[in-house]
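First comes the structure, then the notes that go with it.
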Amino acid sequence: MKILKTLTLRGPNYWSIRRKKLIVMRLDLEDLADKPSNEIPGFYDGLVEVLPSLVEHYCSPGHRGGFLERVKEGTYMGHIVEHVALELQELTKMPVGFGRTRETATPGIYNVVFEYVDEQAGRYAGRAAVRLCRSIVDTGTYPLKELEQDLSDLQDLQANASLGPSTQTLVTEAEARNIPWMALSARAMVQLGYGVHQKRIQATLSNYSGILAVELACDKEGTKTILQDAGVPVPRGTTIQFFEELESAIDDVGGYPIVIKPLDGNHGRGITIDINSWKEAEEAYDLASEESKTRTVIVERFYKGSDHRLLVINGKLVAVAERVPAHVIGDDKHTIEELIDITNEDPRRGEGHDNVLTRIKVDKTVLGMLDKQGLRLDSILDKGEIVYLRATANLSTGGSAIDRTDDIHPENLWMAERVAKIIGLDIMGIDVVTPDITKPLRDVDGVIVEVNAAPGFRMHVAPSQGLSRNVAAPVMDMLFPPESPSRVPIVAITGTNGKTTTTRLTAHIYRQTGKVVGYTSTDGVYIGEYLVEKGDNTGPFSAGMILKDPTVEVAVLESARGGILRSGLAFDTCDVGIVLNVAADHLGLGDINTIEQMARVKGVVAEVVHADGYAVLNADDPLVAAMAEQVKGKVAYFSMNPDNEIIHNHTRRDGMAAVYENGYISILEGQFTLRIEEAVNVPMTMGGMAPFMIANALAACLAAFCQGVDIEDIRQGVRTFKASANQTPGRMNLFNLGDYHALVDYAHNPAGYEAVGEFVKNWKGQRLGVVGGPGDRRDEDLILLGKIAARVFDRILVKEDDDKRGRARGEAADLIIDGILSENDKADYEAILDETEAIEYGLDKVDKGGLVVIFPESVTRAISLINRRNPI
């Protein structure tokens, strides 16, 4: 078996709208193409031995063990690889379940589709599944050592890529509120919301976490001084930078017991508490000094009591946890080392922050703590005896938590909220040492030891004892108060032809409202009036660029076939999804071989329209009109025929539509007709002579109307939008060159040629065409381009693209010429393969009063050649 290609889908896609995270692996079964599993000796038994947990896969039989029944009866290897890839992820606690395997048009080559949690782990699972299945085919088994290595690698990949527990808590709450989110590449930052409504978080820092407050929280001594000046009970202490100052510092705080910690530490690193001797103080100083970036150390009086974390969000105390240091409880049988291992077997414990609790690690701090208690790792404790392994209670070092939110004294609650206001942090963790949180700190000699920016949420969300607190909810309430938006309107546009023009017109209409519009197209990414990135930008990366921009108020996104197949859409839902048409273009590419399959690709845009949005569909195209059956939102139709039956039935049910009637672009709402503008007054329609441009205008006007854009803004938009080289390069750009005219259009498929031909046929003078086609199109498509050219033009110059896309030089041109001659064996044609030469020749040779129509590979090049001739 051989993996030919692997795609990672990250949004709604051809295979599934709901399951956005999919791996699509193109797999050549090679020698196994004609061998079902029941014909491979020992395969079933080997697979069950290696992965007995596959018994949990239902598959098409619909019951436990169903998949293994299929293997025993006989199924092909692509299907088995799919299930193995899923199971490998399941075994590493990545919940997945969706899969599909489909044979392509090439016998023996399959698309194996399966769900993933982490994309790198998903891709690895696909490769490992192929290795595993191949090994069982060849040897009857898969070595246990290799399986264990695969599972270990998968765990590492997931751990390295997954969100931290606090961030995951916030993201989960955002999802519950239908707030979109996306991971940003910068320092584990996450964006919540789109465009102008976005907020950002990094762990539990937010947009509102001011730099001064964060810096102050990191400055332990500065924080203590400010709180002390405000009358807040804080430890008596001082700072030193040199070892020689340690003895006097101990005297200054009143002698032993003391605490020594780094000035700028976190997560409990470098802290030693309950120091009672000079030797301990020396060791603690060295530890703290090494941990401090500035070599500055805090020496404080030690206060007896339990460690508590108070969490304040947006000025309100939302949770309290008592933190218990890492410890073991004796059973009169096991050594301390064995008890640590037993404790670490708790499924809630993981490495670092990847689970509710962290595994306890034995290091010099643990050994020192045991030594201080006269114990060693091989010591056996009495039953019920508790031995603490660390002095600090951080969860990151194996500690646990008990919820105390309902126990805190009102005065302590008030003090915590006051401290948050004094420091100025929106999300703050306050560390308190007190023997009794139910009593005021002053009454029990309790103190606030420090405050923390970016506090962890694990101890509150999943305490070892007590109630779980949804501390993410108040964060979301702060970032997105009730009724405040998190999304910008998204208009997604797809189709075979007309996408870019419709995208630009829709964006132009929205700009009449005064909003900042971001849009993507085959020309580039634009925000407002400005080009941000040049080139073909119709995929999810470019859409993400718009949705990440903090100035964008409306997103208009051209969504082409290629991006949908390669990565899926960049958004989960849209407000308007426009499908203009589906024609025979790009067939044979990406395993899309029929026009019906292409309609399924384009239909993704209609299917992601949310319940209150509109799918704007072409009622004149049966494949597009049929998409209404899959739409979860509302449907609005457009048609060049006011008598279209679909339009009539739809408006009779008070539906919304746009039609071209009596020369007008009109909106129908139920039985009411609202005329936007006469087509002759809409520049892009070439005085009403370009029907396909009228259809594009219908779609754009209807989309804007569905979104509540004022009629006058729509009217002004279509009146001022021109099919010029500046506004819509490569879309019906007509140039007056004095004695003749030139027209540049990026049509590159039969439907596009037909559409331009409808306009060209009305030209009174000579019609000269400079034609070509992409080399990766089917032979029959290139032949059809030639047939259409022969019907439209008096004279034809056949050229080729610079990028031959896998064909030999002259091959694409020969197919077009075959089409020309099959339509008209007396056609006036000439082959000039170089595009620049063909354009120059056409412009030189066209008759006076004639029209040169150029279908270029490079729109920029064609326009540049024309501009050199100084068009009027």
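The first residue you see is number 1, and the count goes up from there.
Here the Cβ of each residue, glycine as well, is placed from N, Cα and C on the backbone.
Marked as domain 'ATP-grasp' by Swiss-Prot: 224-480. Per Swiss-Prot, ATP binding site is recorded for GLY495, THR496, ASN497, GLY498, LYS499, THR500, THR501, and the stated evidence type is sequence analysis.
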Packing count at GLY498 (ATP binding site) (other Cβ atoms within 10 Å of its Cβ): 25
Additional residues around ATP, ordered along the sequence, whose Cβ is within 8 Å of the centroid of GLY495, THR496, ASN497, GLY498, LYS499, THR500, THR501: ILE493, THR502, LEU580, ASN581, ASN696
Entry from the binding-site residues list THR496, ASN497, THR501 having the most other CB atoms no farther than 10 A: THR501
Other CB atoms within 10 A, centred on THR500 (ATP binding site): 24
Which same-chain residues, if any, lie at least 6 apart from LYS499 (ATP binding site) yet have Cβ under 8 Å of it: ILE493, SER521, THR522, THR538, GLU558, SER559, ALA560, LEU580
Around the Cβ of GLY495 (ATP binding site), the count of other Cβ atoms that are within 10 Å: 26
Secondary structure at THR496 (ATP binding site), reduced by DSSP to three states: coil
DSSP three-state assignment (helix, strand or coil) for THR501 (ATP binding site): helix
Overall pLDDT for the domain 'ATP-grasp' (224-480), taken as the rounded mean: 93
